[in-house]
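Asker: Below, the features straight out of Swiss-Prot:
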BINDING   44-50, 72-74, Arg337, 363-365, 446-448  GTP binding site
BINDING   Asp45, Gly72  Mg(2+) binding site
BINDING   Asp45, Glu46, Gly47, Lys48, Asn70, Ala71, Gly72, His73, Thr164, Arg178, Asn256, Thr271, Arg335  IMP binding site
ACT_SITE  Asp45  active site, proton acceptor
ACT_SITE  His73  active site, proton donor
BINDING   Thr331, Thr332, Thr333, Gly334, Arg335, Pro336, Arg337  substrate binding site
Amino acid sequence: MATSLMKSSLALHAAPRPRSVRLSATSSRVDSPQVSVVLGTQWGDEGKGKLVDNLAQQFDIVARAQGGANAGHTIYDETGRKFALHLVPSGILNPKATCVIGNGVVLHLPGLFEEIRRLKEKGVQVDGRLLVSDRAHLLFDLHKEIDGLREAELAGDGKQIGTTKRGIGPAYSSKATRNGLRVCDLFDRATFKTKLTNLAADGAKRFGEKFAYDVEGDIAAYEKLAEEIRPFVVDTVEYLHEALQSGKRILIEGANATMLDLDFGTYPYVTSSNPSIGGIATGLGLPPSSYDDIVGVAKAYTTRVGAGPYPTEIHGKLAEDLRAVGHEYGTTTGRPRRIGWMDIVALRYACKINGVTHINLTKLDVLDNLEEIQVGVGYKTKEGKMLKSVPADLHTLENVEVVYETLPGWQADISAARQWAQLPAAAQAYVQRIEDLIGIPVKWIGVGPGRDALVVKPEAPKK
């Protein structure tokens, strides 16, 4: 991909003002939102789990709306212990919070119970604190099998997507073609057996002898799993609306990210759900009118796992160094992540789609050793046309020339900073430049992996 180090004019990249946040008649919903949403604004792995873990201390309920075990959230408790979560919401480390897995999630029960087991081994109380939607779709080992077979076919044509092979796409495919099984189906054994047998027959018909799935074994296994999951299962739509009416505070944890969204991402190199704001509404049954605060989480640089266009990608030793410093390996797959500069065009696009009110800028400390830092502020076509947003056409996106601004680095260790004033002037300038370019305030800045490694940026005086 061609790039040019060109300085942009402020006028060219001026961003719209952030939308105002609704205030209730009695209190500021900005300072104390009843419903707050945390979403990824890049290609995933932005550090959403850490912010959710921090904010969860202030909320009664933490809910997941979409995705499955392809989402990997890494968080640390106050003692520095590491927790890698895939299905259980990150709020589980707050003993006062109830965690909800909504109807939009595709749920692999063996994986869920393994995650619960690991949490209990570390002393985390889960029973009575985790609720699962009766409308959530089930993800079976057959979906994982199909995922691997599909990727193998695509690899033969050189068109593999680079999925996590966790069965997410096939599970959502079953949902869309209306032959999927939901959690509520677990409790009618005859119906469950018939539906799963039919689903397995479809897989065998499609892939023939390559499809190695023990349907009878899974039917027997799920008889036991049905009883294990029963205490967790509720009508989460009714539960959440009752909580809303009673004044409880709800934190919604997005999985994956907007640039992987099925509709708005770099299709077909995307996930199979909607990690944007629309997926929150359909994945939980809470209307958009109830959202008081929408936080967009973005790394101070960018990463991506798997194939697909990536305009600001960095190659060579610099990418290797940043990957090593940032520990950029997938929580779910362990694959090395691709590394890139901050992409303002993509970030502004994601903020527009989601109605983002605040930004959490993460992993600023990873850039500590750089003399200069580049920020992608514009896309230019081969014909010299400046693009206002992320183009839908992949050929166009793959061949854009990125317009960069170059900012000075700070070359200092910022991991001990806990206040805005403790950050070097160049680090402050970098954060402020990003804020100015997207027109949305940066509220939190991550300066390390620990729970407390977070700087709150003071609000700018109102004009």
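From the backbone N, Cα and C atoms, a Cβ is placed for every residue, glycine too.
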Asker: Out of the binding-site residues Gly44, Lys50, Gly72, Val447, give me the one sitting nearest to Thr333 (substrate binding site) by CA distance.
Answerer: Gly72
Asker: Cα-Cα separation of Pro336 (substrate binding site) and Val447 (GTP binding site), in Å?
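Answerer: Each residue's Cα considered, Pro336 (substrate binding site) and Val447 (GTP binding site) end up 21 Å apart.
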Asker: Between Gly47 (GTP binding site) and Gly72 (Mg(2+) binding site), what is the CA-CA distance rounded to a whole number of Å?
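Answerer: Gly47 (GTP binding site) and Gly72 (Mg(2+) binding site) have their Cα atoms 10 Å apart.
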Asker: Between His73 (active site, proton donor) and Thr331 (substrate binding site), how far is it from one CA atom to the other, in Å?
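Answerer: With distance taken Cα to Cα, Thr331 (substrate binding site) is 7 Å from His73 (active site, proton donor).
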Asker: If I take the alpha carbons of Leu364 (GTP binding site) and Arg335 (IMP binding site), what is the distance between them in whole Å?
Answerer: 22
Asker: What is the nearest of the binding-site residues Gly334, Arg335, Arg337 to Gly44 (GTP binding site), using the Cα of each?
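Answerer: The smallest Cα gap between Gly44 (GTP binding site) and any of the binding-site residues is with Arg337.
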Asker: From the binding-site residues Thr331, Gly334, Arg335, Val447, pick the residue whose C-alpha lies nearest to the C-alpha of Gly72 (Mg(2+) binding site).
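Answerer: Considering only the listed binding-site residues, the nearest one is Thr331.
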Asker: Can you tell me which binding-site residues out of Asp45, Thr331, Arg337, Val447 are within 10 A of Asn70 (IMP binding site) by Cα, answering none if there aren't any?
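Answerer: Thr331, listed in sequence order.
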Asker: In terms of Cα spacing, which of the binding-site residues Gly334, Arg335, Val447 are within 10 angstroms of Asp45 (Mg(2+) binding site)?
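Answerer: Candidates kept after distance check: none.
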Asker: Asn70, Thr74: which of these binding-site residues has the highest Cβ count within 10 Å of its own Cβ?
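Answerer: Counting every other Cβ within 10 Å of each candidate, the maximum falls on Asn70.
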Asker: Counting all other Cβ atoms within 10 Å across every protein chain shown, which of the binding-site residues Asn256, Thr331 scores highest?
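Answerer: Going through Asn256, Thr331 one by one, the largest Cβ count within 10 Å is at Asn256.
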Asker: Here's one to test understanding: among the binding-site residues Lys50, Thr74, Asn256, Val447, whose C-alpha is closest in space to the C-alpha of Thr331 (substrate binding site)?
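Answerer: Comparing Cα positions, the closest of these binding-site residues turns out to be Thr74.
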